[in-house]
Amino acid sequence: MAGSSKGSSGSSKSGKGNYFPTSTNLWYARDYEELQELVKERSKLSGKYEGALNKTITKAVNLRNKASKKNKPLPEPADDINKYLKDGKKRPTHKLKFLIGEKVDTLDYCPEKLGELNKDIKKRQLEHNSNTQIPSVFIEFPTQLELQKAYQAVPYNDEFKKCGRYSGLAPADVIWPNLALTPNKRRAKKAIASTVLTLMIIFWSIPVAVVGAISNIDNLISQAPWLSFINNLPSVLLGLIKGLLPVVALAILMSLIPPFIKKMGKVAGCITVQEVERYCQSWFFAFQVVQSFLVMALCSSAMGAVPSIVEDPSTVLPLLAQKLPTSGNFYLAYLCFFGLTTAAALLFQLVALILAQFLGRILDGTPRAKWNRYTTLGQPFFSVLYPNMQLICVIALAYAFLVPLILGFSTITFLFLFAAFLYTLVYVMRPNLTDARGRNYASALFQLFVGLYLSEIVLVAMFVFTKNWACVALEAVVIVATAICHIYFKRIFLPVIDAVPISALKYSAGDHTFQYPMHDQGLKEIKSEGENYWHGGNQLGLTGTQHDQVLPEIKRGPSDDAHNANTVIGSDESAKQDAATNPSSSTGQLINKSDRANVDDEKSPVAEQPHTRSNGSSKNPASILTRFFSPRTDSFDRVRGLMPDAYFNYIEYNPEFLRTAYEDPAVNDEEPHIWIARDEMGLSEIEKNKALEHGVDVSDDAAIYNEKGSLEYTEFSNKIDY
């Protein structure tokens, strides 16, 4: 569990262990801003050096091969790199600052500067415990049960009420620079990011409005006669302009937005990658609704009504009532285009094919880049995928009353997408490196209320256009009822998304005296357990043993006992411990069915059947329709029985890894290893020795130049930091 102060003075940093006595490890976060900047500078400089060095040697190899083929004199001496760069006149250079910085020789400056940075960073890393502590802490608990008890208790302590809390975070999920932000800075940065994105939504409407006007090209031509030449185009081309061009243009415009939103999420002070992803999903959905729906619908429908409204303003309401349904034609085309092209693109993987087989050969100029291209699979970014699917739902809901045919088109679109994503996610992509634990889906469900609101607002607009005031009043009541339901659902479901009821954990561990609280998903139980935690209460009679979890007990040797004691890692006292090892070299132990012989047989009565799984059948199994319309009839055992076996494997981490797991990565950042390809002239060997004089590690292992002068990696090497 991670905690971060957000507006409260909090408690004494040395007292967290007293508040959570069952915790086994604590990592106090510290202010490493200067160290982070140095590590960032070193990483950027090493990348520049590696790229320039590989590019220069590749150029020399190609020049020599070209001269050899044409029987021209070869540069001599062969191992003098300046001979291939017009006696040093074409050596790679760069500026230390953008535009105004001093120009330096890249091959000479980088190893010298990297050597200085290595020494400075190493010194700061050894003294990292002297840095100022910040109001953030990572706490490890021995079991999921103890974690949930503490997690649920945090809001009910007066000193922690304004503190943020996160559970189940991996070290890679933390955005470390944002931990040091004070509450005032975080609020200010969040306000700035929100302002920037709001202004972007407003001004992004201009190009989107142009696309919307193009979608109604006939009316546009009638208002701008100088565009009449478009009607003289071939029918096929004219059809593409009317139907395909607006859709493609809109898709391109919207694809530029997610990377910028994620950047703003980090600027806004998000602490975890999951938080950035949720931030991106919310704002991208807002962009989609405003730009792809509202602006497009208004521009497409209002374009043809503008002349008549200008001539006779009194006809504005009837004309808008007549023209609004016509914008549904664009969305019918949009759904067809999106469903067919997205499904086809997912299956064909054209972009990946082009990058791997064509552009990759041009863009990847280092062995590391080629290795990463070959070994790295794509991963889905659900913060971008979900808003696209949500937009389809919003369009279908909003136009269901005006253009009922759109429901059929949206259904077919989802069928295509389902088939394509089912294949792609299973066989093509790797799982997302950031585990959001289903939060994207939950957020999407609540955000779909926007579709209901828009559908009701469209109905209100139609009634207003036709001056049917009785129906307007009735529909207003429906909108209020929808809002009340929305607020109610958020109130009862959002608190239980991250908190797991204690009785559910006990039931999962095999204690069938407890039941999953289906009636309210554990909302009341979570509140009562959180309140009782600080008063010494034990509402469910928990024993607190290590068997109160779905986790087998591993037989430990005597050497493991030394690591079971409570330690405060990152505190001043921990400076006396041994130097931290590299986390990347530590491994975790995977416990699966084949390892059951190593599992301790001495289990408490509570956990006699901790791994019993249901096959999903029961004496009176509910039908699919019954479970769909009444989810409470679906049993916990059946749902658990549907889960993959891989979810029941467990990992026991190496204690040495745990010692530094939640320290800032800058504290344990290794010196960069420069990877270049070996050439026959010996240039790589000379550059290796030059860099070594400054203490910079350059390796030409496992990479060579082939007969065509292209560099390629030959094998996996333990000497390379991939």
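Even glycines carry a Cβ here, placed using N, Cα and C.
Just so you know, TrEMBL annotations never went through curation; they're auto-generated.
These features come from TrEMBL:
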COMPBIAS  1-17  compositional bias 'Low complexity'
COMPBIAS  579-592  compositional bias 'Polar residues'
COMPBIAS  612-623  compositional bias 'Polar residues'
DOMAIN    19-178  domain 'CSC1/OSCA1-like cytosolic'
DOMAIN    628-714  domain '10TM putative phosphate transporter extracellular tail'
REGION    1-22  region 'Disordered'
REGION    552-624  region 'Disordered'
TRANSMEM  191-215  transmembrane segment
TRANSMEM  235-261  transmembrane segment
TRANSMEM  282-310  transmembrane segment
TRANSMEM  330-360  transmembrane segment
TRANSMEM  381-402  transmembrane segment
TRANSMEM  408-429  transmembrane segment
TRANSMEM  441-466  transmembrane segment
TRANSMEM  472-489  transmembrane segment
CB contact flag for the transmembrane segment (408-429) and the transmembrane segment (235-261), at least three pairs under 8 A: no
DSSP helix/strand/coil residue counts for the domain '10TM putative phosphate transporter extracellular tail' (628-714): 34 helix, 17 strand, 36 coil
Confidence summary for the domain 'CSC1/OSCA1-like cytosolic' (19-178), mean pLDDT rounded: 91
Positions on the same chain near the transmembrane segment (441-466), where near means CB under 8 A and six or more residues out: 278, 281-282, 285, 289, 293, 317-318, 320-321, 324, 386, 389-390, 393-402, 472, 475-476, 478-479, 482-483, 486, 489-490, 493, 497
Beyond the flanks of the transmembrane segment (381-402) by 6 or more, those residues with Cβ under 8 Å of it: 258, 262, 276-278, 280-281, 284-285, 287-289, 292-293, 324-325, 328, 331, 334-335, 338, 342, 410, 413-414, 417, 432, 436, 440-441, 443-444, 447-448, 450-452, 454-455, 458-459, 462
Distant-in-sequence neighbours of the transmembrane segment (235-261), which means Cβ under 8 A and at least six residues beyond its ends: 197, 200, 204, 207-208, 211-212, 214-215, 217-218, 279-280, 283-284, 287-288, 291-292, 296, 330, 333-334, 337-338, 381, 383-384
Other parts of the chain folded back onto the transmembrane segment (472-489), taken as Cβ under 8 Å at six or more residues beyond its ends: 446, 449, 452-453, 456-457, 459-460, 463-464
Beyond the flanks of the transmembrane segment (330-360) by 6 or more, those residues with Cβ under 8 Å of it: 212, 215-216, 243-244, 246-248, 250-251, 296-297, 300, 370, 373, 378, 388, 392, 395, 399, 403, 405-406, 409-410, 412-414, 416-417, 419-421, 423-424, 428
